[in-house]
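Here is the structure we will look at.
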Amino acid sequence: MKLWLILPFLQLWGNVNISFSQNANTCVIGVLHPHLFVAGMLPLNENIQVGHKLRFVCGGGLKLVGSGETECSQTGQWLPPFPTCSEIKCNAPV
């Protein structure tokens, strides 16, 4: 028997409160700073779930500015925010 046929009777007869809602918060990667790359594998064609962590690296001889790791929070935001990449500045020789 189909579940959708049984649910109304359970709720009326047994005063059962049934909820199918889940924590629907997920995170999106969006557009990354130029030369900023996510290290490792990403879930393909899936929402990124709360608790998932990303690690970052910079390409092109640039240095990472900010945290090298972020986590998908329950609010659907990445905490801490994504880092950026900046040029490595060397001091002039003396």
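Placement of Cβ uses the backbone N, Cα and C atoms for every residue, glycine included.
Per TrEMBL, the disulphide partner of Cys85 among Cys27, Cys58 is Cys58. Close to Cys58 (disulfide bond) in the fold, though at least 6 residues off in sequence, lie His35, Leu36, Phe37, Leu64, Cys85, each with a CB less than 8 Å from its CB. Secondary structure by DSSP for the domain 'Sushi' (25-87): 0 helix, 26 strand, 37 coil.
For the domain 'Sushi' (25-87), the model's pLDDT averages out at 90.
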